[in-house]
Amino acid sequence: MDETENNTSIDSVEVGPSSPRVVATPRIPIPVMMRETPLSTKRERQALTPRFRRPAPRMIKTVPQTRSIWSVRKDTTPQLVTPHGPQELESPHYDRANTQTFFEQVFQIDEIIGRGSFGEVFAARCREDSRLYAVKVSIAPMRQHSMSKYREAESHMIIPPHKNLVKFYRAWEETDRLYIQTELCEQSLQQYCSVQHALPENEIWNIFVDLLEAVHHLHSNDMIHDDIKPENIFLTKHKICKLGDFGLVINLKNPNDVKSAEEGDSKYLAPEVLNGKPTFASDIFSLGVTILEAATDLDVPSNGDAWHQIRNGQIPERFFVGISSDLRVLIEQMINKEPMKRPTSDALRKHLSIRTRLDSRRRYILSMDMRDGFCNLMSSILVWCMAFLSVVFHPVTRFHEAINNRRSELCAQFVNNQQHTPIQTPETSKVYSESLTGVALRQASQISPFDFSDDENPPHSQRRLFTGPVSRRLNFDDEMEDEEQATCSSSNSSAIETAEDSLSSPKKPVIPVTRQGTPKSARRLIPSYRNRSGSRDPTHHAGAGDSMNSSILDQERTDRYLRMRLAEQQLDWNDHSNMIDEAPPPMSCPPRIRRSLRDMPRMPVLNFNLLDEPIKKGKEKPVVEPAELRQRPMRNGLKSLRSRMASFQGSSGDEN
């Protein structure tokens, strides 16, 4: 035997017995781009092709359609498509004066779920019932006299409803475009298979039974789908298959549909359709290829030798690994090249493997429909109950809300009326100002001339409550002092009227202090305490240089001082009776300690300059003991009331 007989990698050339031996050359390899791609699965094809593939650009007409100036302008009013002709479309959410279309006004677009040669499919929520629908919108404007103008909409309306067909709601025309509103499913079979790849056989049987029921329903009504493929098969949330997209449906009762029949997708097209017209057997062939793709994850070719290989039944055995013999036999019968040898939909339903699963599948679909209906009913009842309760309890909730709002206003008003207590005047309190003036706090906040800041001494521009400064100083002896000192202003203005002013001018009405937190040094004497300890003659005059007048002035000073002491005692008594046990502000001296420190003598002022002076011999002064300092009497001489009282205005005992 020649060595080259079994060599498949070189060309064998037959030569005669007398001819010389010809050297065989290796066969020229065929480029990869020109090789015929064998049958493969989708996973294998994805491994050979790049992950990202740019989609083909859409055809867009950049030049607008030219119209004659004499052409009649078309009406843009939406027209409802019905079997008896177009009718006017109405909706409570549609406004004719609005420039938006009926679809944009009545529906709220969520996303685009599909694109095709006919148009785009949107997932939109209807504002009339707040439910999601699938709305298919044609891309190109429809021709006025086209025979297939309402073909898909009419097919939906002619076909009786079925549980395995996509439910149709309505269709309308607007601005030469057709809108079809149908049921919204969860995903298509193509999307489901691209994620799951080879499906379990139990799911394959369920898909097979559902699609067979849909095809049988169409064939029993003399309808041919002519476009059965995974892209037009939809799955619900309960994994129930439904057949949709009736754009190429052929009604055998309508001669126009038979004449204008179009071919579907070439991947799932029966071979006899290339030379003829679609039939019931062509739908069975498309259904068989669809089940084959779902069961084996086969990458179905659209043309070439692989396309004919499937039509001839030359499918490798490796694709049927793990598939039962019953399912394989049914698939091979359905994709038979001869249309007469293919089983009909009625014959497939009578098959033993399908008949046993048909009843269980019907019960499952019925139970899911009952479950969805019960859920919708309960949700409707719940909504009505909530509406009823809201109507019943709405007045109660409004009343309760009004009470809470009023309570909040009162609390906020009380908090806002709480005056800030200055740090330097801890003796004042909320009740103190009312006891001093007898006026409510709310009214006091409007007419008080003080700014109640942390500083006890207000600015000079705001001290308008008292009279002008005195022209003379009132001097008292040390023996006239008492525990309680008369108050006066901490500034240059004084609260004590001079003798000359009091005798020469009539008494002016005293303006009461009506602000909470008034410092003790700014108190105004109440008129009721003026004449408590004695009265004086308003006609009496004091001379400037007369000795008799000086004695009278001394007596008048003494009487006035006694009256001031009585007024201070009365005010302190009111403070004690209306005292509220409040925590003293931080960095301030408690009132009890201040009162106890008033009786103690003042601390001596240390003069450190004496230490720097040289001490002369013979003139050394004895050092004064601390005990003597504590027992040293206060300085004699005249001292004004303002300077004496200013020493007790500090908040701590060590102030000078």
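Positions of Cβ are set from backbone N, Cα and C atoms, glycine also.
Per Swiss-Prot, the features are:
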type: REGION; residues: 1-24; note: region 'Disordered'
type: COMPBIAS; residues: 1-11; note: compositional bias 'Polar residues'
type: DOMAIN; residues: 107-354; note: domain 'Protein kinase'
type: BINDING; residues: Ile113, Gly114, Arg115, Gly116, Ser117, Phe118, Gly119, Glu120, Val121, Lys136; note: ATP binding site
type: ACT_SITE; residues: Asp227; note: active site, proton acceptor
type: BINDING; residues: Asn232, Asp245; note: Mg(2+) binding site
type: REGION; residues: 449-552; note: region 'Disordered'
type: COMPBIAS; residues: 486-505; note: compositional bias 'Polar residues'
type: REGION; residues: 617-656; note: region 'Disordered'
type: COMPBIAS; residues: 617-631; note: compositional bias 'Basic and acidic residues'
type: COMPBIAS; residues: 646-656; note: compositional bias 'Polar residues'
Alpha-carbon spacing, the residue listed as 'active site, proton acceptor' to Arg115 (ATP binding site), which is rounded to whole Å = 16
Request  = Identify which of the binding-site residues Ile113, Val121 has its Cβ surrounded by the largest number of other Cβ atoms within 10 Å, counting every protein chain shown.
outcome  = Val121
Request  = Report, in whole Å, the straight Cα-to-Cα distance of Asp245 (Mg(2+) binding site) from Gly119 (ATP binding site).
outcome  = 11
Ask   = For Asn232 (Mg(2+) binding site), what residues in its own chain, 6 or more apart in sequence, show a Cβ-Cβ distance under 8 Å?
value = Ser188, Leu243, Gly244, Asp245
Query = Around Gly119 (ATP binding site), how many other C-beta atoms are within 10 angstroms of its C-beta?
reply = 19
Task = Note the mean pLDDT of the domain 'Protein kinase' (107-354), expressed as a whole number.
result = 88
Task = Could you tally the C-beta atoms, other than its own, that fall within 10 angstroms of the C-beta of the residue listed as 'active site, proton acceptor'?
result = 23
Local Cβ density at Arg115 (ATP binding site) - other Cβ atoms counted within 10 Å = 12
